[in-house]
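First comes the structure, then the notes that go with it.
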Amino acid sequence: MGQSVVVLGAQWGDEGKGKIVDLLTEEIGAVVRFQGGHNAGHTLVINGKKTVLHLIPSGILRNGVLCLIGNGVVISPAALRKEIEELEDTGLEIRSRLKISPAAPLIMEYHIALDQAREKAAGGRAIGTTGRGIGPAYEDKVGRRGIRVADLHYPDQLAEKLRDALDYHNFVLTRYFGVDGMDFQRIYDEMLVFAEYVEPMKSDVAGILHDLRKQGKRVLFEGAQGTLLDIDHGTYPYVTSSSTTVGGALSGAGVGVQDIDYVLGIAKAYATRVGGGPFPTELDDEIGQGIRDRGVEYGASTGRPRRCGWMDIVALKRAVAINGITGLCITKLDVLDGMDKLKICIAYEYHDKRSEYAPLDAQGWEECTPVYLEFPGWNESTHGITSWEKLPPAARAYLCALEELAGCPIGIVSTGPDREHTIMLHDPFA
């Protein structure tokens, strides 16, 4: 039987999953995206060249690797086509290696309009979405109004479903938000064009995954966003609209729990968050700005500055428990170079009580005060180091503390953006 590894974010997203997925795809059968949409931004740096992927799995830069988009992903036709064409312009063969589940829902133009209208109307209470229609597309999926890739094969039924969806969404857009509605014929014609484009890539992703496992091939499941943004387990309502946990990998790709051999949780050596929502260890000072500048902490999808703070072990332990994380990968260690001292949040003060567990609601998180352990920093550069022994003693001590406090072994340490800037302590496929 083959080996399957799930790579997912153990914080609020932007942990560096794309680089690690690319790193682990050297000898692999397939990479599958199982949730989210083009709100993800996975940045890869190979031989100094930067590539940002939003929808296509990060394994696409490896020749011969099959890339799958599962039923749990919501697909923007325009974004998919743009990303394919940009990659093909670099000389890569894309469409023959990209397979898309017919059950994947489509992000329609009215989803984007609704997303943006809501954020504008919310004003200061806005969640901070990317405004790309992700949430409304998932709403239609649950409300059984969604249009899926499979529907494109049946023009008459597509027209009927599109009319029904537009009746609903145009009513909301015009009557509730006071913005223009959408034209049926234009959207329908665009969908017919996209139907021809996507048809050769349409395939039974779940079936492919089962066959690969029987053939003894390695499969990597690539998560987007992070555990603390999960629709069920995150800081609701400041969350994404999909399941970002290992449970989402199972349902979003169509495999069983027995098909997963290893869960790799990715976490930065500090913490970041984009948009609104609680963030107990946030550093709204020159220390936080310094981390942002050194770490180039600006969203790959939106360009928005990320909020930066100290490592939060309470939150990390929650992610480890929810996902059954087998091993951790700590990224961006080099961003902490040159800092006199570092802090790790080990507990919260909440209503005059100390707790090592995270509250179950966003308001509770907002009312938490972090309890810190302090560690000495290091002046030496860790950038590009590939050996544990060559790390400064203080950096090793910091990582060992993270490992012990989180109750989960560290298998990989990333010391820079390039594929080679990595310390591999334990290969998840070994």
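The first residue you see is number 1, and the count goes up from there.
Even glycines carry a Cβ here, placed using N, Cα and C.
Annotated in Swiss-Prot:
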{"type": "ACT_SITE", "residues": "D14", "note": "active site, proton acceptor"}
{"type": "ACT_SITE", "residues": "H42", "note": "active site, proton donor"}
{"type": "BINDING", "residues": "13-19, 41-43, R306, 332-334, 414-416", "note": "GTP binding site"}
{"type": "BINDING", "residues": "D14, E15, G16, K17, N39, A40, G41, H42, T130, R144, Q225, T240, R304", "note": "IMP binding site"}
{"type": "BINDING", "residues": "D14, G41", "note": "Mg(2+) binding site"}
{"type": "BINDING", "residues": "A300, S301, T302, G303, R304, P305, R306", "note": "substrate binding site"}
Closest of N39, Q225, G303, R306 to G16 (GTP binding site), Cα positions, binding-site residues only:
Q225
How far is it from G41 (IMP binding site) to T302 (substrate binding site), counting Cα to Cα, in Å?
9
Among G13, G16, G41, G303, P305, the binding-site residues in question, whose Cβ has the most other Cβ atoms within 10 Å in this structure?
G13
Can you name the recorded positions among G13, D14, T302 whose CA is within 10 A of the CA of N39 (IMP binding site)?
T302
Rounded distance in angstrom between the Cα atoms of the residue listed as 'active site, proton acceptor' and R304 (IMP binding site):
12
Name, in the order they occur in the sequence, the residues of the same chain whose CB lies under 8 A from the CB of R304 (IMP binding site) and which sit 6 or more residues away.
V274, G275, Y298
Going by DSSP, give the three-state secondary structure for P305 (substrate binding site).
strand
Tell me which of the binding-site residues N39, T302, R306 sits in the most Cβ-dense spot, judged by other Cβ atoms within 10 Å.
N39
